[in-house]
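The structure appears right after this line, and notes come after that.
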Amino acid sequence: MANYTHDLIVIGAGSGGLGAAGFGGAIGLNVALIDRTEKNFGGDCLNYGCVPSKALLHVAAQFAGARAAEKFGLRTEGKADFKRVMQYIHERQDIIRKHESPDYLSEEYGLDCHIGEAMLTGPREVTVNGQKLSAPRIVLATGSKPGHMSVPGSELVKQYDNESVFTELDELPEKLLIVGGGPNACEMAQAFRRLGSEVTVLNRGERILDKDPAEAAAVLQRKLDGEGVDIRHQTEIKRFKDERTAVLVQDGAPAGEVEFTHLIVAIGRRVTTKGLGLELAGVHTKEGKIVVDDYYRTSNKAIFAVGDAYGQEMFSHGAEKHNTDLWTNLLSPIDRKHKLQHFSWVTFTDPEVATFGLTPRQLEEQGIDYETVQQSFDHDDRAVAADYRDSVLILYIAKTSFGSGKLLGGTMAAPGAGEMIQELLLLNMLDLDYGKLTNKLYAYPVGSRINQKPARDRAQQRLLSPLSKRALQIAYRLQNR
């Protein structure tokens with residue numbers, strides 16, 4: 001048996017690394033956890049992503065609620081005190097950071113935490129601060145970095161991203177320009193618009209949220225339009241004229257100029273691999289990404305990748321899924337293969353857009369026969385009372401010769417959609433028929449009753465067929481003579 005310094009080495013202390021190292025420490029293994037700075041502990045989610053962005057959205061929602069109350073007589077005026085907004089965000093981060101600091105992790109899980117640049121210097125060896133560490137297994141959880149624009153004149157402009165917006169932005173933008181059309185761009189657009197900024201979004205695609213169904217994205221588009229966000233599709237920056245003016249093209253044709261005081265770039269993320277010494281450990285890369293198989297193994301079978309380093313499901317809960325699979329494989333002779341059919345994600349705008357399970361494209365690629373059910377909120381009592389009838393639920397259900405098939409996936413665009421889809425996701429994970437919801441008794445008028453509506457409608461359709469109605473009439477008359 002080789003003489004290793006540790007049982008496991010984890011590089012990166014974000015969501016992926018904390019999950020991998022934390023479980024190892026919890027079961028009593030000698031685990032080394034490395035990150036380049038102490039502030040990086042907690043990773044993108046705590047420092048720049050989920051936590052600060054959701055805190056920002058929470059604050060912005062208070063402003064939106066106050067303005068909505070004007071129709072009932074409340075008078076509001078002014079803009080947000082941005083310093084106090086950022087203070088609130090940083091306070092939320094500090095509360096969580098206490099449980100993800102090196103000292104806490106060392107005390108609670110027995111982790112050997114190292115602060116410094118980690119470099120692979122052998123197949124099972126890592127060097128940090130001149131110290132050589134070794135282990136039979138190494139996990140790469142090095143995360144990703146936001147992409148930036150490179151067009152003529154871009155050197156003239158300060159480009160904020162999801163990281164620097166929470167560490168360097170010190171004033172509420174007067175005229176905010178956002179490049180991108182995904183979840184981050186939409187969340188930032190709504191938050192800053194509600195806080196008082198003029199917001200323009202440049203989206204190179206035909207619509208926002210191109211990984212979600214068009215019908216759901218359209219619900220959010222209408223909401224953003226109504227709040228005064230200027231979204232321009234198939235539009236890109238050709239060049240920057242100066243530090244406050246961008247020259248645009250739309251679908252390849254000149255589209256004028258747009259002035260701005262601040263620029264946020266939200267065009268995706270790039271996996272972090274620079275300086276890791278991957279080649280010294282026999283870890284292959286392709287187009288800047290680590291080559292990983294369906295069992296999270298790199299080309300060096302002693303080295304694994306999870307979280308954003310894996311290159312798929314680049315969410316904090318994606319890293320959680322990766323670590324569940326990884327530890328199954330590290331502890332069992334039966335390997336668990338990476339699969340996608342029960343994954344979910346949420347765009348935390350108002351309304352939220354929440355997607356789970358398989359998408360139509362994935363269903364078609366796998367040759368699965370399914371039907372699409374689309375449910376309006378127009379006549380849902382809770383939606384009427386709380387004024388969110390412009391919402392939609394879309395479900396993909398396996399076709400069967402009789403009854404209701406398994407729930408394969410779906411999307412909801414509605415306030416609180418991320419919470420309301422959870423019972424649907426559970427059906428999906430347990431491979432249960434969607435019809436199981438038919439007889440569930442919901443408290444009236446909870447919003448999640450909408451999940452049951454298509455199931456009951458389908459059951460009623462079968463029950464009220466001419467043949468069924470005739471049989472029920474006969475049964476009633478025989479029983480009640």
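Keep in mind that glycine also has a Cβ here, set from the backbone N, Cα and C atoms.
Taken from TrEMBL, the feature FAD binding site applies to Lys54, Thr142, Gly143, Ser144, Asp308, Met314, Phe315, Ser316, His317. The annotation NAD(+) binding site is assigned in TrEMBL to Gly180, Gly181, Gly182, Pro183, Asn184, Ala185, Cys186, Glu187, Gly268. Residues or ranges marked as disulfide bond by TrEMBL: Cys45-Cys50. The domain 'FAD/NAD(P)-binding' annotation in TrEMBL covers 7-320. Per TrEMBL, the feature domain 'Pyridine nucleotide-disulphide oxidoreductase dimerisation' maps to 345-448.
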Task: Neighbouring recorded positions, C-alpha within 10 angstroms of Phe315 (FAD binding site) - of Cys45, Gly182, Asn184, Cys186 - done: Cys45
- [ ] Using C-alpha atoms only, work out the spacing between Gly143 (FAD binding site) and Gly268 (NAD(+) binding site) and round it to an integer in Å.
- [x] 13
Open item on the list: In whole Å, how far does the CA atom of Gly182 (NAD(+) binding site) lie from that of His317 (FAD binding site)?
Closed with: 18
Task: Output field, NAD(+) shell: CB within 8 Å of site CB centroid, site Gly180, Gly181, Gly182, Pro183, Asn184, Ala185, Cys186, Glu187, Gly268 dropped - done: Met188, Ile208, Leu209, Ala266, Thr347
Task: Nearest of the recorded positions (Cys45, Gly180, Asn184, Cys186) to His317 (FAD binding site), judged by Cα-Cα distance - done: Cys45
Task: Counts by DSSP class (helix H/G/I, strand E/B, coil) across the domain 'Pyridine nucleotide-disulphide oxidoreductase dimerisation' (345-448) - done: 30 helix, 33 strand, 41 coil
TODO: In whole Å, could you give the widest CA to CA gap in the NAD(+) site formed by Gly180, Gly181, Gly182, Pro183, Asn184, Ala185, Cys186, Glu187, Gly268?
DONE: 14
TODO: Restricting to the domain 'Pyridine nucleotide-disulphide oxidoreductase dimerisation' (345-448), report the mean pLDDT as a whole number.
DONE: 96
Open item on the list: I'd like the number of other C-beta atoms within 10 A of the C-beta of Gly268 (NAD(+) binding site), please.
Closed with: 12
Task: DSSP three-state assignment (helix, strand or coil) for Gly143 (FAD binding site) - done: coil
TODO: Could you round the CA separation between Gly180 (NAD(+) binding site) and Cys50 (disulfide bond) to a whole angstrom and send it over?
DONE: 18
Open item on the list: I'd like to know which of these recorded positions, Cys45, Cys50, Cys186, is least surrounded, judged by other CB atoms within 10 A.
Closed with: Cys50
